Amino acid sequence: DCINASSQNEFYIVVFSIPLVSQVELYLVILLIYLMAVLGNLTIIFLVCLVPKLHTPMYFFLCNLAILDVASTSTSIPKMLTIILTQDHRISFSCCMAQIFFFIFFAEGEAFMLTSMAYDRYAAICKPLQYYTIMRKNVYIVITISCWLFSALNSLLHTLLSSVLQFCHSYEINNFFCDLNTIIALSSTDTTSRKFFLFFEVAVFSIVQFILIIISYIFIFSTIMKIRFSAGRMKAFSSCTSHLITVILFHAPIIILYMKPESEDSKEQDKFLSMLYLVVVPMLNPLVYSLRNKDVWEAVVTLI
């Protein structure tokens, strides 16, 4: 029978098609990375909130990025870990739609926040004298609210469109969470327009944002090379390379996953690519933004 997302039926999440012993090992690895991601990002949030020295546009964006990291990784990873532990692969349609909504909401929010951070670094390094005029408090707050609001509206649109899809032949999601691509491929409804819309959106948002960030860094590195003192150059490079690493690790898997043709042969590789931006990037963000950052270490010392 054909059913839609408003019915009480369930999907079946495959997770990983590997032996049970390997799944236990994978469970422990992912659990460790997930806990590191959550604890690391919560530390960044508390530091930015509690230490006045970090009340600047750069750390305001970083705090929002940390919130998005915790939220995005918590949307899918706890459910996946529960499935591996209990071997209960079922998920209701309503929970699946909720997972789609929050996954798109937080993932898009993170993409917009990374672009905002690139603009902030551009203003700080290329326009240092006008920086505090350009990045006034009301400006960076409006930018941040816009990131959250636009992500929420776009996520709601995708969720509503997904909720009216019909499913006749299969309810088996060959992934570790309710991924929009997988749900569209699973539907028995004609989804040509949906696939085109998703392809167009990834092309416009992800690729355009990635190109804008790269262009901003061309200007940034050009300005850095003009700095006469090596200590000044190193400080500027340090604050920018960490952000650039995060951008590449976040955007590259998304562009590959959503722009390439669907293929059953690459499903396992696709899952690990998703794992990269859902678990690994949130874990790395606190590390790349704090290990070489004197302000963060001073904030830790201040609190202690």
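We count from 1, first residue shown onward.
For all residues, glycine too, the Cβ spot is worked out from N, Cα and C.
Marked as domain 'G-protein coupled receptors family 1 profile' by TrEMBL: 40-289. Look at TrEMBL and you will find 26-51, 58-77, 97-119, 139-157, 196-224, 236-259, 271-289 tagged as transmembrane segment.
Here the transmembrane segment (97-119) has Cβ contacts under 8 Å with residues 5, 58, 61-62, 64-65, 68-69, 71-72, 75-76, 79, 91, 140, 143-144, 146-148, 150-152, 154-156, 158-159, 162-163, 177-180, 183, 205-206, 209, 212-213, 216-217, 243, 246-247, 250-251, 254, 277 of the same chain, all six or more residues outside its ends. Same-chain neighbours of the transmembrane segment (271-289): 16, 30, 33-34, 36-37, 40-41, 43-44, 62, 65-66, 69-70, 72-73, 76-77, 107, 175-177, 179, 242-243, 245-246, 249-250, 253-254, 256-257, 296, counting only residues six or more beyond its ends whose CB sits under 8 Å from a CB of the stretch. Here the transmembrane segment (26-51) has long-range neighbours at 16, 18, 59-60, 62-63, 66-67, 69-70, 73-74, 77-78, 80-81, 84-85, 275, 279-280, 282-283, 285-287, 289-290, 296, 299-300, 302-303, meaning same-chain residues at least 6 beyond its ends whose C-beta is under 8 angstroms from one of its own. Long-range neighbours of the transmembrane segment (196-224) within the same chain, counting only residues 6 or more positions beyond its ends whose Cβ lies under 8 Å from a Cβ of the stretch, are 108, 111-112, 114-115, 118-119, 121-122, 125-126, 154, 180-181, 184, 233, 236-237, 240, 244, 247, 251, 254-255, 258-259.
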